[in-house]
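Asks: Got these off TrEMBL a minute ago, pasting:
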COMPBIAS  7-23  compositional bias 'Basic and acidic residues'
DOMAIN    44-95  domain 'Transcriptional coactivator p15 (PC4) C-terminal'
REGION    1-39  region 'Disordered'
Amino acid sequence: MSSRGKRKDEDVRASDDESESHAPAKKVAKPADSSDESDDIVVCNISKNRRVSVRNWNGKIWIDIREFYVKDGKTLPGKKGISLSVDQWNTLRNHAEDIEKALSDLS
């Protein structure tokens with residue numbers, strides 16, 4: 001008999017039997033308080049919900065400009081923001097005069 005005549009139920013049962021013996025490992029969530037991966041130094045608050053911070057994350061230093069929100073009494077970082085590497089920060093800082101000139105030209 002050709003493979004065309006096989007019932008799909010037989011294929012499903014065969015694959016189900018195999019999957020029972022190889023159950024996926026359960027994922028364990030890390031606690032939100034774990035400070036071993038991230039150290040933040042808040043440099044300044046730009047506005048009520050925006051702040052600039054310097055952080056050490058996974059062994060690298062980042063300058064983080066980000067919006068925050070409050071949930072259940074805790075202030076949490078939002079998706080809106082940017083993290084600059086030290087090299088990117090130095091590039092931006094070296095162009096501060098150019099940015100100031102562009103601002104004065106547009107004002």
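Cβ atoms here come from the backbone N, Cα and C positions, even for glycine.
Unlike curated entries, TrEMBL annotations are predicted automatically.
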Asks: Across the domain 'Transcriptional coactivator p15 (PC4) C-terminal' (44-95), what are the DSSP residue counts per state (helix, strand, coil)?
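Replies: Summed over the domain 'Transcriptional coactivator p15 (PC4) C-terminal' (44-95), the classes give 9 helix, 34 strand, 9 coil.
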Asks: In this predicted model, what is the average pLDDT of the domain 'Transcriptional coactivator p15 (PC4) C-terminal' (44-95)?
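Replies: Averaged over the domain 'Transcriptional coactivator p15 (PC4) C-terminal' (44-95), the predicted model reaches a pLDDT of 95.
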